[in-house]
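Feature annotations, courtesy of Swiss-Prot:
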- Lys30, Gly31, Met32, Val33, Arg34: GTP binding site (BINDING)
- Arg80, Arg105, Asp139, Pro140, Met141, Ile142, Ala143, Thr144, Ala145, Ser146, Thr147, Asp208: 5-phospho-alpha-D-ribose 1-diphosphate binding site (BINDING)
- Ile202, Gly207, Asp208, Ala209: uracil binding site (BINDING)
Amino acid sequence: MAVFLLDKPLFLHILTQLRDIKTDQIMFRKGMVRLGRLIGYEIANHLDFDIVKVVTPLGVEAKGVVIKDLDNIMIVNVLRAATPLVEGLLKAFPAAKQGVVAASRREMESSSPPTEMEVEITYMKIPKISKNDIAIIADPMIATASTMMRILGMVSQLQPKRIIIASVIASEYGITKIRNKYPDVDIFTVSIDPEINNRGYIVPGLGDAGDRSFG
């Protein structure tokens, strides 16, 4: 398992806007879309490719690159929070198939940060994939990773060639939890935040990504 921390200035500039309580719903959603596109480009940079030769309009041969798996991508949208993130990912992978999972966690305040949250999955529709496909699971926030672990269990049964998680913020605990059970899964995230509060939210985080995107 590899964790790709996307802490370049442009990523962090957008993330700063998303963290800011003063950022309104429209700008928050636009920021999520922008990050989705940028994360998609970073994922594409880590896909297999071939070196090829093409002939330019000047009749000259030029060396080029063809990324192998751009037509073998399936993106899983964890509703509803991931929808703007997926919109951006689809700009990077316009030929991608898309699956959806409607998942919600039961939130309650406890005396200490929870290590597990009760997750209800009310709907799932994932297209048929082959062993040549790459599954990208999009979820902007990975706190206790309870939702992600449920979805990883379902997607891994489909036996794609590779599973990638696209997130904006992940907790240290959530990454460790995923790594222990799914060591072959790669995670792309903009920030790794240190804490989870008593309600299961990442701290400092950015609040509830679904509520901030859609109200």
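Cβ coordinates come from backbone N, Cα and C, glycine included.
Small disclaimer: the values here were computed from a predicted structure and weren't measured.
Features per Swiss-Prot, on structure.
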residue: Lys30; record: GTP binding site; contacts (Cβ under 8 Å, 6+ apart): Pro84
residue: Met32; record: GTP binding site; contacts (Cβ under 8 Å, 6+ apart): Leu18, Pro84, Leu85, Glu87, Gly88, Pro140, Val168, Ala209, Ser213
residue: Val33; record: GTP binding site; contacts (Cβ under 8 Å, 6+ apart): Pro84, Leu85, Glu87, Gly88, Lys91
residue: Met141; record: 5-phospho-alpha-D-ribose 1-diphosphate binding site; contacts (Cβ under 8 Å, 6+ apart): Ala81, Ser167, Val168, Ile169, Ala170, Ile202, Gly205, Leu206, Ala209
residue: Ala143; record: 5-phospho-alpha-D-ribose 1-diphosphate binding site; contacts (Cβ under 8 Å, 6+ apart): Met117, Ser171, Tyr173, Gly174, Ile196, Gly200, Tyr201, Ile202
residue: Ala145; record: 5-phospho-alpha-D-ribose 1-diphosphate binding site; contacts (Cβ under 8 Å, 6+ apart): Ser171, Tyr173, Gly174, Ile175, Lys177, Ile178
residue: Thr147; record: 5-phospho-alpha-D-ribose 1-diphosphate binding site; contacts (Cβ under 8 Å, 6+ apart): Val78, Ala103, Arg105, Met117, Val119, Asp139
residue: Gly207; record: uracil binding site; contacts (Cβ under 8 Å, 6+ apart): Ile21, Tyr201
residue: Asp208; record: uracil binding site; contacts (Cβ under 8 Å, 6+ apart): Ala81, Tyr201
Three-class DSSP secondary structure - Ala145 (5-phospho-alpha-D-ribose 1-diphosphate binding site): coil
Asp139 (5-phospho-alpha-D-ribose 1-diphosphate binding site) - helix vs strand vs coil (DSSP): coil
Cβ neighbours within the same chain of Arg34 (GTP binding site) - under 8 Å, at least six residues apart: Ile14, Gly88
Students should find that the Cα atoms of Arg80 (5-phospho-alpha-D-ribose 1-diphosphate binding site) and Gly31 (GTP binding site) sit apart, in Å rounded to an integer, by 16
Can you give me the same-chain residues 6 or more apart in sequence from Gly31 (GTP binding site) with a CB-CB distance under 8 Å? Ile14, Gln17, Leu18, Thr23
Given the uracil site residues Ile202, Gly207, Asp208, Ala209, which other residues of that chain have a Cβ within 8 Å of the mean position of their Cβ atoms, reported in sequence order? Ala81, Pro140, Met141, Tyr201, Gly205, Leu206, Gly210, Asp211, Arg212
